[in-house]
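These notes are about the structure you will find just below.
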């Protein structure tokens, strides 16, 4: 529903702002306003790749100017048209309204909910600001300005009931109409930016939890982690926004879909807060129930009113969320089945090495990184490779990348190294752990940190008393004329694309460290499985459809694992296999 909100918010906000043109030009056909809104939406999504870092300095002045304008206009309209409207702040009129309106009053909640939309997007700002700053901004600035704006609009409507459908722009004094129109259009773009960023954040975290196909995540800021950009999602959102804009064409129908999406997000969030209060905060279950009952009952009234408008456009977020949920469930299911196959069909290393004499396995110079989801043992992909091509690198590291359900993993806990088999085989297991908010390093940094960790593992495992020190230094460029002697050597691992340089330094280094240095000089290769996951012949038609068609389509069209992990194409070895799950 949040992703659906990310589609509906830009369409609804921009179109409602652009419709102000028709106040001054009533004869203007709606096709022109739809076209102008479409151009603004295309421009909005085209600017996303710059990130909020580049244009974020404009957001606060635009929103402050917007809130200042609507609050001042609200005060003016209240004083000029009907000062008695201030009494509507009394809760008595809420009771009196429902008493007189009856069922029509309940039905109007589906439209009233649009007055509080936008509040659900504040979660996106948590990636940029603290909780205290958001609370202060909302309670001290945003909420009072909104109350004044709606109060002024109500005062105007009390004298101009015929302007009900266009009351916002009609209530603006003639002298400030065009400045307010421009600020309103800019404010809708800023508001749309917040929910678009929130959509990126949700999809990024779902991807990290293996609930969404692999997509490219670009961090647009070096200082604020929450500022990200996902190209594929950005353009899909743009196409869907334009489709909603052209398909619905009026704010009333879009508003029905928008209101249902927003109130569903709020209601589900309130229900999930029960789990947070009880399981995360460890608070009393009665307090959690009281929270859900108090806030959930209010939201449930709005939700029921919005459900009554499903046939008037509210079906769109329901269908969209169902498609997205099905896609995420099938991807997660297929991923778990693929991992289960690899775990059930992994090969014991001792058995593989015992076959070495018969297979005639050769060890070639260099370091081989074998990527798989198997944290222990040999993945079936590597066993398949060795039986058909009996050779692998002198130093072999089985790498498993794990995404944990925590925001960040400390740098000193990222790599977990263990040895596989006897020392002379030079086989290691490395588990690389990332949190769902961790930024993946580039390939050069990853190689340096991995080799650094292996070297530290070997150094700590030495019992011969020889000293070894591994250090990471920052240099602009390494010198090709570094001295190399028998007692002190220095190997520079550098890249033109990175300023980081990893250096081996030591006196009388052990044989394994010497082998590691020589293997690093010989080069580094990556091996990954190019698997085709198919359902068993005895599986049900539903499973065959989910695995063979939907999951297969998603795997073929999502980002390749090598690209997602930043593996250089020139160093990649792919092993083809078919998994029957």
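Cβ coordinates come from backbone N, Cα and C, glycine included.
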### Query
Out of 285-303, 342-360, which range is noted as transmembrane segment by TrEMBL?
285-303
### Query
Between 258-278, 363-383, which stretch does TrEMBL give the note transmembrane segment?
258-278
### Close approaches to the transmembrane segment (315-336) from elsewhere in its chain (Cβ under 8 angstroms; 6 or more beyond its ends)
1, 3-5, 7-8, 206, 210-213, 240, 244, 257-258, 260-261, 264, 533, 546-547, 550-551, 554-555, 581
### Summary
Per the Cβ under 8 Å criterion, with at least 6 residues separating them from its ends, the transmembrane segment (105-124) contacts 2, 5, 9, 97-98, 134, 138, 146, 150, 191, 194-195, 197-198, 201, 226, 255-256, 258-259, 262-263, 265-266, 269, 301-302, 304-306, 308-309
### Query
So which residues does the transmembrane segment (32-50) touch in its own chain, when a touch means Cβ under 8 Å and the partner is 6 or more beyond its ends?
10-11, 14-15, 18-19, 21-22, 185, 189, 192-193, 196, 218, 220, 229, 231, 234-235, 237-238, 241-242, 245-246, 249
### Task
Sort out the residues at least 6 away from either end of the transmembrane segment (285-303), same chain, that have Cβ-Cβ distances under 8 Å to it, and list them.
106, 109-110, 112-113, 259-260, 263-264, 266-267, 270-271, 273-274, 277-278
### Query
In the predicted model, what is the mean pLDDT computed over the domain 'K+ potassium transporter C-terminal' (365-580)?
72
### Query
Taking 3+ C-beta pairs under 8 angstroms (sequence gap of 6 or more) as contact, is the transmembrane segment (224-246) in contact with the transmembrane segment (258-278)?
no
#### Entry: Stretch in 57-79, 136-156, 258-278 most in contact with the transmembrane segment (176-203), if contact is a CB pair under 8 A
57-79
